[in-house]
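Below is one structure, written out as structure tokens; comments come after it.
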Amino acid sequence: MLPGSPKNLEVSNIKKDSMVLTWEAPSEDGGSPVTGYIIEKHDKEGVRWTRCNRQTVTDLSFKVKGLLESHNYEFRVAAENSVGVGEPSSPTVFYKALDPIFRPGPPHNPRVTDTTRTSVFLSWGKPISDGGCEIQGYIVECCTTTAEAPAAEGAATDTVVEEWIMCTPATGVKKTKFEVANLKENQAYKFRVCAINKVGVGEHADVAGIVVATDRADEPDLDIDPELRKIVTIKAGASLRLFIPIKGRPTPTIKWDKDEAPLKESAQVEITSSYTLLVIDKMSRNDSGKYTVSAENSSGTKSALVVVRVLDTPSAPVNLKVKEITNQSVTLEWEPPLLDGGSKIKNYIVEKRESTRKTFAAVVTNCHALSWQIEPLQEEAAGDDGGMYSINVANSAGKKDTTIEVIAPKFSIDPAFTKTIIVNAGETFKLDADVRGKPLPTIQWFKDDKPVENTLRLEIRNTENHAMIVIKDSIRVDGGTYTLQLKNEAGSETVPFKVLVLDKPSPCEGPLHVTGVAEDRCTLVWHPPLHDGGSPITHYIIERRETSRLAWTVVSSNCGITCYKVTKLLEGDEYMFRVMAVNSHGVSEPLESGAVIMKTPFVLPGPPHIEDVSNIAHDGMTISWSAPETDGGSEITNYIIEKKDRTGIKWTRCNRQKVTDLSFRVTGLTTGHEYEFRVAAENIVGVGEPSLASSYYKACDPKYKPGAPGYRVSQSAGMSQSMMVETLWLDTISR
């Protein structure tokens, strides 16, 4: 016999896409052990019951997944034994598929950010728990204490709370900060904040301590930029701008001085409630020194020191002497200039001029000593064929004197610059060359045929006789061909520098394709980085992250190709993936994919179409059908044939074994009963919608109309003239 109905079916652990069912075994198993349970669901918006389990369920509980959020469902369970499926249990009431929601928790760390005589400024963080739904706003409440706090002390002791007053609108405020206005000066208050969601108002969080409505007094503060804490270096003729933000309540008074003396009249000072600005135009070496800014209010005093150094050309060298004369050379000697122009002396320039000429010619442009031997010279030159020598001194701001003579640009560089310069990422490197020519050539730097400009990391340090660029914290894109271009009236010259910066690779070329998505696996495909950072790509690092979490998990740390099959994923979870390229110098920035839900790419097959019911007998019939129009992307693996007696209400499965043909002989029918049939297709995803039910067919042997009777004529004894007709009825029923 069939088993009885399961009892006490209950629904628990309700979420937006799943529910858990529990029940008790039927009191009658029909004389055969229960082999499993059939769980079915019914969407309130639908008309049919749908099976939930594709595999045999032997436990007394089952988690129904794949529910539609906000839809209402009822459930029933039927037991199955070796005879068949028994009557289902009574259906449950309808349950709505929604995540449970609660009132929100208290806001995080409510605090006072500022006070005035009539207002208090509050801020807070979002609650740790939002109750499972969006926070719609915040309510701020306050209450006064029974006694006023002394104005001078600005504090109050805790007193009994009398009455809480809502400071915000009843619907709350959206932001996590609020100004409570129209307060009484010197009155002590308490404040609390609570969050609102669609369930209601959550638990409140109290602002620590008692707050007095009074103007807050803050000591002055000067927010000195870190660059101003170093020595501020500026070239002569440029403008000095010192911008310093200030804080303090009441607003402090600001005072500037230089070397403990008042500023010169040309200095311009701007003062507001939030900053002060000192501007000095056309700086000279006399403007070098220590500049002091001080801020003072009733709460205290604060001062800061800024050291300014003005770079100017040095004064001329002193005591130039001819120390030694031979038949082919002259040795000169001198002393350093009295003023170095605020910068260390870099080099000296030695020049000579024949007495018959009016212009000087450079002998050496990069002398670092205080003497120089000039050779070769013409022995016993004519009296009017003598020469004159000039010494120019140069620092980072320039040199003192210049000369005019037309000589094509020339250069000299370190021999190392004739080869490719290899630099590791993060290092600082410089490219420089000594420059000569009359008049002095113009200097311009190019990188990959584009002019080079000053940036935060690249600094051009050209002088008249020396060209230099310095690149700090080098990165991959700093590599390439740099060209120094020198030009004057006599011609031009170019100097190439090849630089290779060894760096981590650029990000992998996207997009990051996620293919072959199944319940627990997928395949990632990407392209190698456009730039390998000057070193071959050794491998790739692949990571994954569930969209509900922030942490990334390493999937593979040593992938050698540009595709990877990710396994052991959770069905129904949503993942993001990222890939990073690795070379000997580091790991590239990641290339990320979009969010992907792990689910089979196939869907349920469509309904078959019943073509014919034939070979009807008293205990069986043959059902024929056509395959569904769509197989859901996966091969049809089975057909499920069901019957329903006209006198019953339940569909009963006819086949226990897999059926792959398009026909099936249904047996075990009750003679004289009428049956209708339907067929459903099954693929790797599950069982699809059944076909439309067939017409009713009666289980009985076929019957036909009888044929014509047969007959014969015979004569009886004693009846000479009469005849007897003997009719023989023939069995016309076809056997």
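Heads up, the Cβ atoms here are built off N, Cα and C, so glycines get one too.
According to TrEMBL, the domain 'Fibronectin type-III' annotation covers 5-100, 106-217, 316-416, 508-603, 604-702. According to TrEMBL, the feature domain 'Ig-like' maps to 226-309, 409-496.
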Using DSSP, what is the helix/strand/coil residue split across the domain 'Fibronectin type-III' (508-603)? 0 helix, 51 strand, 45 coil
The DSSP breakdown of the domain 'Fibronectin type-III' (5-100) into helix, strand and coil residues is 0 helix, 41 strand, 55 coil
Counting by DSSP secondary structure, give me helix, strand and coil numbers for the domain 'Ig-like' (409-496). 7 helix, 50 strand, 31 coil
